[in-house]
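Engineer: Straight from TrEMBL, here's the annotation block:
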DOMAIN    A:203-262  domain 'Cytochrome C Planctomycete-type'
DOMAIN    A:500-556  domain 'GH29D-like beta-sandwich'
TRANSMEM  A:7-25  transmembrane segment
TRANSMEM  A:45-63  transmembrane segment
TRANSMEM  A:83-101  transmembrane segment
TRANSMEM  A:116-134  transmembrane segment
TRANSMEM  A:141-161  transmembrane segment
Amino acid sequence: MNQKIRILAEQILVAMGIFIAFLLLFESKLMLPLWLQSAGRLHPLLLHFPIVLLVVALLMSFFENQFDAAGRLVVQQLSRTIYLTGVFLAGVTVVFGIFLSQEGGYAAEPLQGHKWTGSGLYFAGIGTYFLIYIRPISQTFARVASVFVVVGLIVTGHLGATLTHGEGYVLAPFQTKTLTTTVALEDAIVFEHVIQPILEQKCISCHNEDKQKGELLLVSQEALLKGGKSGKLFVAGNPEISLLLQRIHLPMNEKKHMPPTGKVQLTEEEKTLLALWIQAKANFKLKITDLPATDSLRLVASRLLSPATLPEERYAFEPADAQTLARLQTDYRTIAPLAVGSPAVAVNVYNQAQFSRKTLEELLEIQEQVVSLTLAKMPVTDADLDLIASFKNLRKLNLNFTEIAGTTLPKLSALPSLHTLTLTGTKVTFGQLAKNLPQLKSLKQVSVWDTDLTPQEQTKLQKLFPGISFALGFQEESAAPLQLNPPQVQNQTLVFNQKLPVKLMHPIRDVEIRYTTDGSEPDSLTSPVFKSLIITENTKLVARAFKKGWYGSSSVSFDFLKNSFQPDSLRLLYPLNRVHLAEGAHTFFDGKLGAIGANNPAWANFWAGARAQDMGVEARFDNPVTISSFGLHYMIEEDTGIFPPEWVEVWGGNDPEHVKLLMKLKPPMPAKGDSPTLKIAQGSCVPVSVKYLKIVARPLTAIPAWHRSKGNKALLLVDELFLN
Amino acid sequence: MEKEILEHGFSFNRRRFLSTMSLGLGSVALGSLLMPDLFKNTGDDDPLSAGIPHFAPKAKRVIYLFQNGAPSQQELFDYKPKLREMVGQEIPPSVRGTQRLTGMTANQESFPLVGSFVDFKQYGQAGAWISDLLPYTSKIVDDLCIVRSMYTEAINHDPALTFLQTGSQQGNRPSMGSWLSYGLGNENKNLPNFTVLLSRGVGNGQGVYSKLWSNGFLDSVHQGVQFSKGEDPVLYLRDPEGMNRHERRDMLDQLAELNDLSYKEFGDPEIAAKVKQYEMAYRMQTAVPEVMDLSKESDAIIKLYGPDCLVPGTFAANCLLARKLSENGVRFVQLYHQGWDQHGNLPFEITKQAMDVDQASAALVTDLKQRGLLDETLVIWGGEFGRTSYTQGKLTPENYGRDHHPRCFTIWMAGGGIKPGMVYGETDELGYNIAKNPVHVHDFQATVLHQLGLNHEKLTFKHLGRRYRLTDISGKVVRDIIS
């Protein structure tokens, strides 16, 4: 290296030393411009150069004796240049490191260590450079100094790595993983186990003894109560005016938002917890289980601490023999390993008729391995609990809707790991539970819905056992009344021949159906109660359902329609619309009524339609029938252009050649905006005996002027004809 | 399938055996040194040895309340007051971006924003916004995890539905229920592992087809079985007139002998599957009527689910049945409720649709909880995609519609180890793009499988030379919503 440059570099070295000393002295007064922050962030990149260069230079000085004199000189020159560059870059690294440390967010202890060893190393570097290359003392000294610098490098580097990767990063793979200490829910203290960890994770890096930003310390209870520069941290019981919550809820771009931009933010859950804790008077001693079961703080906090965050459970027992498992499998008893490679099995039993005590006895072969047993709806009695108690590793026991009454519940105390017990729909009593549950030490969940327990007893249970969560379920009594759904008609068809026994039903037990036949609205007092009803004429039945504890249903109406004569043969006179063929001529006498709404299958299948041509059908009877009235059932949906027929003609006689017009009907037309309906065009005549009928209906030839399709032909849809 | 038959042939081939002996054994031995798992049966080619979770599961069963047609998130779960403020204004192009439009709105001249006609309120610990259309759901929000940031790739019903259910838009792949049946095996051997229940509301409906519950290339024992309303919930299950149970047993035994003969001859695994299905059908003859019987349900249950739960074919009745099936060990109960496709007349139709499903959906969660079953049952509620923030068709003060929108939609999950009382993900102020924590369909599927103890990358089946997964080649478990 050029002599001049070297001397310049050596001077810079000393100057930088002074600069660093200055930085270290006035660190707390430092205000960095933004671009220097970026420079600071180059620290982790830069630091690799001095490490490599210094180690290489020192190694070279170690091995310089291996060369002859000329070679030694070259090596010495080279190592000196490298060492100088190394120390120079070490200085730059230290300066950048100090800049970076201003950003904050690093653990205080290793940061201090790293800072002092790092800058110390720089000064040691200058010193050793001087004593090795400029005023060499002895080779031994040079070597000792070299070792000293290398050790310093290792220590500094390690402390730096701890800053970025955390404590014990290097050795972590060798250490057996210790779980974060989890605390049992009943022992958990809200502050210590919920609030403090939040502060530690998200706040303490800037508010600790070493780095009291805003003069705020969050390390102890006293410090928390003291607050910081801007005043007290919170007002116990009043989260709305608490400074802490104001700061964490400020918008991100606000300068005072905490944690500051660039730091890991608080989650919604954590914010809620902080607010709820302050709401609960910021009590430092409060236990989670001291809170009422439905308290928000308790719910959110216990969710955070719930064992669900625990890793997969390990079982201490050996797996059962695969052949044994296969042998015990039946169609009604499923035995399944919890997971591939897990020794634990879950057993589910089905089919009451197949169940006996033997079903359980056979399982004793694998009594160690069963961790979950589902016996819901099986005729299991209290006497069977002694058997169940021998599955000593049982975690979950489902006894829903069994014949358990709870007298032998103490037997289950032989199950040290049982955490979930479901007793829904059993005959267990409050007394039994209150007396026996304390003996089941690990219990976490019990369901007692649909038992004889009163709501008061259930609340009492929850109070008695704060560590257990009780599934109480839906309370019929406390629910608001609901409206019943309307009655249904069960007759296959509403079209009948001579008389029809009406079948009305309601799916809900003990519902009273009341009805009218005059078209009026039935009420719960005066209208007749439906028991049986036989109709012989066209009838409009309106019905409603009533039951105590429910609101009455809306009313529903059914049109029962009489058709006395079924033609022996039928033929269409003109083709139907291609898309409204239904069952052809048979459509009109098949008893199947169409419905409104194109989504309904009854729309597509039961309506015969015509538009361009008349709709016509001829009916023949083997024996003469006496006709006195006629009806045609059709749909109106003016919006989509479905209109009544313009006219309907009924011709009758004994054969096609000798017919006369029996009647001509002109149904009324709908008005604009009428909602879709089903109607009957009906007419009567002097009774006449016929063997042949010809019925012709003309679709409306010109839709009225008020309609958007005015002047066009309307669609005619007919599903049924009635002859009486 | 072809492969198994082929291999069956190989196993009888002397020449192959000898050639394996000489050179083959050595190379296989070497191979096993390099790949320790080579001789271990990984289970992915053999449906009979599959059926054990990969790790201890949180959930054992799934009930999927599929809202077919895509319910509008803006009217149900995703509260966007900004849309009301900006009603009638054009959606900013920066928001719409290059989103592809459906054929129904592609020719629309303008895309005016429209806010929800219905009000929202906050409920539960998480302060979740729920619309007034869902009064019952709002009462159970503390049991729900509402995911507002689902997104999909398809823009039309059938591909989107097929994508959610099978992981592929094209179909011919196994449905989610089939994968679970394959991965977990039967809990109750007397009922099908995967059942399907259909219902429809008054809203504009979209079809559901049996391909959605197809077993694809998996063994046909994993096919979904549709339970229909009416006297015969499972078609052709009843013995024909004049045949008693004893005769049926005899017939099945004889048939099994014959089938066994042809299995020995051809080695087609479908023959074995068929025999198993006959046997299951025989047991189902007694198990199904027991499960389908609603007459013993208490008044409290009827009030919980609402009176419609006793009217066969309604969503409420299907929810009640779903609970009964699930309680009896059916792994996957798939409901479809049709009628959520509100391109127009949205306010009227969505009100009706919500009335159909609200009470019963909430009831199902409550009912499972009170039986101590919610922990082990995962309930999912949602459609195949979302709906647009702008109106389709004419915007009037009373009426509007919304088109298909794949970029964001809302679903909820409950139980099965999913975090309760949580709202996950966010959409932008106009509810058009996801602002935070997007969840792709494959992520959702991976999460569901994970809750059932299955690693979605390991639950594979080799078919036509490659291994297939429900999540195709992507998807990651959404750990944030797992408790």
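Heads up, the Cβ atoms here are built off N, Cα and C, so glycines get one too.
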Engineer: Between 0 and 100, where does the mean pLDDT of the domain 'GH29D-like beta-sandwich' (A:500-556) sit?
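Structural biologist: That stretch averages a pLDDT of 92.
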Engineer: Please report, as numbers and ranges, the same-chain residues at least 6 past the borders of the transmembrane segment (A:83-101) whose CB is under 8 Å from any CB of it.
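Structural biologist: 1, 6, 9-10, 12-13, 16-17, 19-20, 23-24, 27, 30, 32, 36-37, 39-43, 46-47, 49-50, 52-54, 56-58, 61, 111, 114-115, 118-119, 121-122, 125-126, 129, 132-133.
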Engineer: State the residues, same chain only, that lie 6 or more residues beyond the ends of the transmembrane segment (A:141-161) and have a CB under 8 A from a CB inside it; answer 'none' if no residue qualifies.
Structural biologist: 44, 47, 51, 54-55, 58, 61-62, 110, 113-114, 117-118, 120-121, 124-125, 127-128, 131-132, 169-170
Engineer: Would you list the DSSP helix, strand and coil counts for the residues of the domain 'GH29D-like beta-sandwich' (A:500-556)?
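Structural biologist: Final tally across the stretch: 0 helix, 25 strand, 32 coil.
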Engineer: Taking helix as H, G and I and strand as E and B in DSSP, count the residues of the domain 'Cytochrome C Planctomycete-type' (A:203-262) in helix, strand and coil.
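Structural biologist: Reading the DSSP string over the domain 'Cytochrome C Planctomycete-type' (A:203-262) gives 19 helix, 6 strand, 35 coil.
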